[in-house]
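Taken from TrEMBL as is:
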BINDING   D146  substrate binding site
REGION    186-205  region 'Disordered'
DISULFID  C188-C199  disulfide bond
COMPBIAS  193-203  compositional bias 'Basic and acidic residues'
BINDING   D248, H356  Mn(2+) binding site
DISULFID  C270-C273  disulfide bond
DISULFID  C321-C425  disulfide bond
Amino acid sequence: MPAAASSSHHHRTRLRSRTAPLLLLVVLAAFVVTELLRSSSRGGFTASARRAGSSPAKANHSAAPRKILLDPAFTPRLPRQSPLSLSLSARNALPPRNAGRFPALPDGHLKIVLYVHNRPRYLRLVVDSLSRVEGIGEALLIVSHDGYFPEMDKIVQGIDFCQVKQIFAPYSPHLFPDTFPGVSPGDCQSNDNAKEKRCKGDPDQYGNHRSPRIVSLKHHWWWMMNTVWDGLEETVDFDGHILFIEEDHYIFPNAYRNAQLLVDLKPKKCPGCYAINLAPSDVKAKGEGWESLVAEKMGNIGYAFNRTVWRKIHAKAKQFCAFDEYNWDITMWATVYPSFGAPVYSLRGPRRSAAHFGKCGLHQGQGSSNVCVDNGSGAVELEEIDKVPNIKADWPVRIIQRQEGYQAGFKGWGGWGDRRDRELCLSFAYMYHIKDPSPA
């Protein structure tokens, strides 16, 4: 063999010997990422497998009903994910942080879900308030993000006072700037006439077409609920109470201990109550100051319920997804709760342990032409009694039977008329209970 040919042959042989391990590494990495994404997107089946081989039930792990009735006539479809959406799905499968500092979650602990959008000033206040809560180190805090906003992510990354897990809604309209569930080319706007404009979309009952930044309210809450109860390894076998709070809810130092007391007292004091609340249903009220517990309409500030109640809610997915109302809480009050056949009471103390604060709405302040100025400072003043558990086990229960506010018969504020939003909503209810939802 000529010298040049021999040198060339030797060079190719060396190149192959160096390239082979590199190729193997790339293939293995691709396989790991693929399996991670697959387990994230098919949480229902991995969850079922975990349950089949799980250890005997302990506290917070009871035989709550798990059978799901699926509609064979409905084919769930989820949007095709973008690279950003896929990367966020992968983050959803990561284990909680700070597990080394807080290695054991005791029996009787509560899990806390904080759902957020993009109000960093508010989030800093809420995180600061949570850091002062007695017993917070016993809890798992799950932060559910509607979309991805770096400043919000950075704030949550800085939490060091308990176990914390972040999840990101991978089908948030905020992640899809030029396709559904964001704005698609050819979508109708405002009160366009679809036939005249030759645009796409179904108007709501008032003649208005969908606004992605508005429908994300309901989409995020419903995706979060389905994911927390049926799609996460950390909660899929948890049958205890999960406490839900929002980025504009200031949490008092006694909130966690009071919530535990209410959960323990509920079966004895109010067996017909569906949930517990940290505040009155009237968001402006501070409580009555009575020496008694209070059972009233379920509120939307600091509410907690268990898997049995979640199953009742999940069974009403069609009603929830079909109601022409973009607010999740009004949808629950006007159509889901009334369908249970009896008043839905929640048990709380006579003083609030959480408070709504701030003036900016969830989607205000995001555009330069519509800035909501609110620095969120001085949100809530606490009294000494709010810093320690202030619920007594021997108190009686007062029932407030007159339920004010939205009720059955309210037709909704609209914003939820597009059939694509309704189908996506229903797909979220199915996504952890079928093998692989078809991409839209």
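Note: Cβ is positioned from N, Cα and C throughout, glycine not excepted.
The Cα atom of D248 (Mn(2+) binding site) lies nearest to that of C425, taking the disulfide-bonded residues C188, C199, C270, C425 as the candidates.
Of the listed disulfide-bonded residues C188, C199, C273, C321, C425, the Cβ environment within 10 Å is emptiest of other Cβ atoms at C199. Taking the Cα atom of each, C321 (disulfide bond) and D146 (substrate binding site) are about 18 angstrom apart.
For the pair D146 (substrate binding site) and C425 (disulfide bond), the Cα-Cα distance reads 15 Å. Considering only the recorded positions C270, C273, H356, C425, C188 (disulfide bond) has C425 as its nearest partner by CA-CA distance. In terms of C-alpha distance, the listed disulfide-bonded residues C270, C273, C425 place C273 closest to H356 (Mn(2+) binding site).
Residue density at H356 (Mn(2+) binding site): 18 other Cβ atoms are found within 10 A of its Cβ, drawing on all protein chains shown.
Geometry remark: C425 (disulfide bond) versus C199 (disulfide bond), CA distance 22 Å.
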